[in-house]
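See structure below.
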């Protein structure tokens with residue numbers, strides 16, 4: 001992250017306060033951030049540190065004295081009965097220890113639960129009925145969005161409690177639902193939503209509640225405001241709230257101070273698997289009387305804190321755009337970044353997908369941008385901070401010539417393609433794909449070796465790897481007897497690979513591992529003779545996939561037959577006896593004793609369809625430890641849940 005502001009004087013302090021207020025307005029009020037969370041947090045803490053050293057200079061407008069944002073003119077104002085406080089953020093174990101020492105909290109009992117990344121909402125119930133819903137706003141006053149709250153299915157319109165109670169929580173969008181929304185917006189030619197948090201906030205504040213209803217928002221309760229329950233502990237209050245019919249997350253722990261670090265690390269490991277975006281863990285003193293004793297600062301409760309996760313979204317600068325040519329000839333733009341570290345990984349590049357995406361983002365070279373990285377997925381650009389341009393930016397031009405071979409490119413709109421079948425990049429990437437683990441799995445034949453073999457004129461197409469000789473390899477730099485023989489042995493071992501792997505390795509557009517497996521299972525050695533209708537009618541296929549395969553076979557049939565005669569791929573038509581899993585839909589979740597891919601392959605061998613999400617159509621959920629929300633949904637829907645022990649018992653019946 002660039003160091004955009006150094007606070008070493010009253011003037012630089014006031015500039016920093018103004019910058020933070022502008023960023024906060026964009027984030028809270030406009031739902032259009034112009035800085036990343038990490039960038040805001042870093043500058044916020046610099047301002048706070050300056051104020052602690054120079055209290056007399058503290059501005060009345062400093063964000064360290066305020067909570068959240070203001071109120072949009074599109075909604076009427078409404079006051080919370082009890083103030084909705086923000087939480088203090090901490091970012092390390094040392095800060096956690098310091099927080100525990102303040103107020104002598106070391107020997108207390110705590111509740112630990114996820115900090116979901118969404119939009120806070122306060123629900124007021126009177127005599128069992130939902131009467132008002134208010135956004136956080138500035139903590140005192142928010143926007144009344146009652147009509148929109150009523151169309152969120154996870155918010156009960158009535159509850160079995162007659163008293164007056166404010167139930168607070170986070171409005172979020174599940175990752176899968178967010179992706180589905182953007183897919184639909186892409187089809188409709190609409191601007192894509194930048195991330196689930198902004199999507200949730202924007203959806204909650206729609207003037208048309210019909211739009212809110214379509215967004216599949218989820219309300220996750222995390223506390224109460226006004227209440228007369230007479231309960232002694234926060235954990236008891238939350239059990240009461242969830243028993244009223246509100247969403248119940250599976251991570252909710254009551255523990256002492258010694259267990260907090262372990263709980264944080266456990267939750268951090270679930271970050272990518274969770275259905276909903278999390279950005280930390282909330283730690284709260286469980287004893288409500290002790291909470292009252294600890295009290296509040298001007299902004300934060302002293303009895304709770306947000307232990308933030310390492311940022312997966314950061315601000316950096318787009319230095320350039322590199323062009324990559326794939327095996328199908330598609331030219332893909334890749335953003336070259338000023339290096340940043342995200343969750344321990346050094347990030348120098350980000351996907352830009354295609355040139356239509358560049359135009360949609362409106363991004364230029366040397367722009368400040370926000371990037372997000374999740375798991376091992378290639379980072380992507382989520383925001384462009386156009387308001388912070390300084391005149392050094394230059395436009396990104398659609399290419400007309402292949403960056404590898406110089407051929408004139410075919411511009412089809414979304415895709416720009418090199419049509420030269422002998423283009424170096426196309427050839428090399430085709431061979432890399434063929435030799436990869438998910439295809440023919442030729443150990444030792446990686447990108448560097450393939451490039452070397454190509455440069456020396458030893459290979460120019462996939463089939464050439466089967467003509468390599470010992471003396472060819474020994475003539476190359478870095479090869480000795482053992483390395484050369486090992487590579488030849490690995491190439492020989494690829495012969496007889498499964499037909500599904502062979503088809504995957506050919507690299508036909510739209511035909512991946514799953515599709516190749518279905519082609520092999522249904523057509524066997526006659527797969528090249530399958531007609532359009534037969535392919536189109538396979539489960540999960542359609543006209544686009546069938547056309548792609550037919551066109552690929554028509555152009556490359558002679559080459560495929562020659563390669564197939566050397567590899568002689570094996571195949572086995574599916575002969576599945578009736579069993580507990582045949583024809584069933586199965587979801588795998590949690591940590592299991594064997595790799596998930598291994599169990600998935602075994603289930604598919606029994607005729608099961610392994611899917612990624614739980615629905616009413618799911619027949620089994622195979623759950624390991626730390627199973628998460630998929631297990632919870634299975635229980636709610638009445639789907640049969642089995643553990644590994646029951647899985648093994650059911651297999652014995654096959």
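Each residue, glycine too, has its Cβ placed from N, Cα and C.
Within 10 Å of the Cβ of residue 115 (active site, N6-AMP-lysine intermediate) there are 20 other Cβ atoms, across all protein chains. Look at Swiss-Prot and you will find 115 tagged as active site, N6-AMP-lysine intermediate.
Marked as NAD(+) binding site by Swiss-Prot on the basis of sequence analysis: 37, 38, 39, 40, 41, 86, 87, 113, 136, 170, 308. Over all protein chains present, the Cβ of residue 87 (NAD(+) binding site) has 19 other Cβ atoms lying within 10 Å.
If you look up Swiss-Prot, you'll see 402, 405, 418, 423 marked as Zn(2+) binding site, on the strength of sequence analysis. Counting every protein chain shown, the Cβ of residue 423 (Zn(2+) binding site) has 20 other Cβ atoms within 10 Å.
What Swiss-Prot lists as domain 'BRCT' is 576-654, and the listing cites sequence analysis.
The shortest Cα-Cα distance between residue 418 (Zn(2+) binding site) and any of the recorded positions 39, 41, 87, 115 is the one to 39. Taken residue by residue with DSSP, residue 115 (active site, N6-AMP-lysine intermediate) is part of a strand. Once Cβ contacts within 10 Å are tallied over all protein chains shown, the binding-site residues 402, 405, 418 are led by 418. A strand conformation is recorded for residue 418 (Zn(2+) binding site) in the three-state DSSP classification. Residue 39 (NAD(+) binding site) sits 19 Å from residue 115 (active site, N6-AMP-lysine intermediate), taking the Cα positions as reference. Around the Cβ of residue 39 (NAD(+) binding site), a 10 Å sphere holds 25 further Cβ atoms from the protein chains shown. Rounded to a whole number, the C-alpha distance linking residue 115 (active site, N6-AMP-lysine intermediate) with residue 308 (NAD(+) binding site) is 8 angstrom. In three-state terms derived from DSSP, residue 39 (NAD(+) binding site) belongs to a helical segment. In the domain 'BRCT' (576-654), helix, strand and coil residues by DSSP number 28 helix, 17 strand, 34 coil.
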